[in-house]
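Shown next, in structure tokens, is the structure this report addresses.
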Amino acid sequence: METKPVITCLKTLLIVYSFVFWITGAILLAVGVWGKLMLGPYISLIADNSTNAPYVLIGTGTVIIVFGLFGCFATCRGSPWMLKLYAMFLSLVFLAELVAGISGFVFRHEIKGTFHRTYTDAVLNYNAEDEASRAVDNLQHKLRCCGVYNYTSWFGSVYYPSNGIPASCCFNSSDCNPEDLRNTTLAPSKVYHQGCYELVTSFMETNMAIIAGVTFGIAFSQLIGMLLACCLSRIITANQYEMV
């Protein structure tokens, strides 16, 4: 085979790959911004302290966008050192994603334990006003659940003696008043019996394999870009090929 057609083919494949890589960065950036704006209260229920996960996604997405553009530029220029730098960056992304995927899978039980601890604390210290309390209300309303394991989790909260079970536990808001929610006999007939902890953790367990598979799939896709960049750099260097 002649060298020029091979280089043209590799360039085309690498440009397509870099464009897809760029789109991945844009998606991560969008997810990070969305997570910061929309999931901030929920994140506070999962972590003991304020987490920087949204900022990590935003930063990672931005860096990937920049290097995706750099990959396209390096490919069009046909610069061997730029292509090697691009391959090096892809290798770092591959390692980071691999470590993140393995860590998430291995420490999933620790994540569940942290969620149990923070969510229990949010329920016991619920006051219907702070961010954690609003997150609890949103979670109970949207998932149609009540308390940690069930509605009895609220009996030990500081909110219950004077206000009863929060209205977000009611499956019919029009037939739910504070007096009924303070009554241990009537309340069970007006609130959800499913606990939120079980719903969230069962969802995590069910989808952990899918999440891990997608993470590893994305990570190993970086190997394709690394291979293309290294091959193109080597062929250009060996044949002293220059783009005009």
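Residue positions begin at 1 at the first shown residue.
Backbone N, Cα and C define each Cβ position, glycine as well.
Here TrEMBL flags Cys146-Cys169 as disulfide bond. As annotated by TrEMBL, transmembrane segment applies to 12-35, 55-73, 85-107, 208-232.
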Checklist entry - Other than its close neighbours in sequence, what residues sit by the transmembrane segment (85-107), given a CB gap under 8 Å and a spacing of at least six beyond its ends? => result 21, 64, 67, 70-71, 74, 208, 211-212, 215-216, 218-220, 222-223, 225-226, 229-230, 233
Next on the checklist: So if I draw a 10 Å sphere around the Cβ of Cys169 (disulfide bond), how many other Cβ atoms end up inside it?
Outcome noted: 26
